[in-house]
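Down below is the structure, laid out as structure tokens.
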Amino acid sequence: MKFLDQAKVYIKSGDGGAGSVSFRREKFIEFGGPDGGDGGRGGDVWVEAVNGLNTLIDFRFQQHFKATIGTHGMGRNRAGAKGADVTLKVPVGTQIFEEDEETLICDLTREGQRYRVAAGGNGGFGNAYFKSSVNQAPDWANPGLPGEEKTIWLRLKLIADAGLVGLPNAGKSTFLAAVTRARPKIANYPFTTLHPNLGVATIDGQEFVLADIPGLIEGAHEGVGIGDRFLGHVERTRVLLHLVSAQEEKVGKAYKTVKHELEAYGNELTDKPEIVALSQIDVVDEETLKKKKRELARACGKTPFLISAITGSGMTEVLRALRDIIVEANGGAGQEAPMKALKVRHRDMQSSGNEGESEDNSDRDDEEQQG
């Protein structure tokens, strides 16, 4: 399935139904009086976070969503029915913005969370509503009020516990494939990864979600390469795993390049706990490895892990370090994976793989009864 993390959609809630002008007509009742009912309220437009989705690709093919109008009022004081609602199903982690792309309407971070982004118009009053002591037979009614019509943006930020960052070909996708059942595209050329990938890793019986994003290069915050937009998918993570390839001629510079892009992106990414690892150590000799380890340690101010996703060297230690930070960030308790956890096992490491309203599902029945 193709990945799409941003979509522009046009929504319109239903217009309210018109009130009815009607008079009671029965045998032997000469002056029955008005009995026109009120019009029904127009349908609402909702967005709802559901599991099982990790892309907004469906909104590439359908961008217009319109709720139905309320039914008009009828005689005998019969009110019109409410128009049918429209619900946009989106992945957990989707943010809804106004047309300016800056004003946040809501952030759907839990399964079943719903938000009303456009309220239906109220139905008009029937002529029975206007009956008074001075006007016993009003012959007018109100039209229904129009619904809301606007453009909104959907922006997906994947929910994961740990995020992988680094230059292109730093071994991020290989790492993800080695410790989870994710199967990202892996090749020996830059920008093999063009969209984020998720996988569930297990270490010592505990699970957490890893997010792999496309590589960053110098100037990514200015649009160089494929830019830095995908960094939004690691904003929600508890920890970043920064991979630097041992094949880089200057590993210290490679580390600082990515660090600079994280700072330029902002949103407190540089404030997150960071684990630094020198990857692909199986392709360099021992003397070169020692030299690059010292250089990277000077650049990042800490001792980097040494790992190889091919031989499995150092992988368990890195996973445990990630797990420990995630557990600590969640109050010291075991973390339940933010996505539905899959039962996975490691590959053999020794082998060579405000108009709106929000609600949860638990509140939905109460709201419908009140409506």
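Keep in mind that glycine also has a Cβ here, set from the backbone N, Cα and C atoms.
Annotated domain 'Obg' per Swiss-Prot: 1-159, in sequence order.
Under the heading domain 'OBG-type G', Swiss-Prot lists 160-327.
The GTP binding site feature in Swiss-Prot is assigned to 166-173, 191-195, 212-215, 279-282, 308-310. Counting Cβ atoms from all protein chains shown, Ser173 (Mg(2+) binding site) has 23 others lying within 10 Å of its own Cβ. A helical conformation is recorded for Ser173 (Mg(2+) binding site) in the three-state DSSP classification.
What Swiss-Prot lists as Mg(2+) binding site is Ser173, Thr193, and the listing cites sequence analysis.
Marked as region 'Disordered' by Swiss-Prot: 337-371.
The compositional bias 'Acidic residues' annotation in Swiss-Prot covers 356-371.
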Gly166 (GTP binding site) CB neighbourhood, other CB atoms within 10 A: 27
Local backbone state of Pro214 (GTP binding site), from DSSP in three classes: coil
Neighbourhood of His195 (GTP binding site) by C-beta distance under 8 A, where only residues 6 or more apart in the same chain count: Phe3, Asp5, Pro214, Phe230
For Asn169 (GTP binding site), the number of other Cβ atoms found within 10 Å of its own Cβ: 22
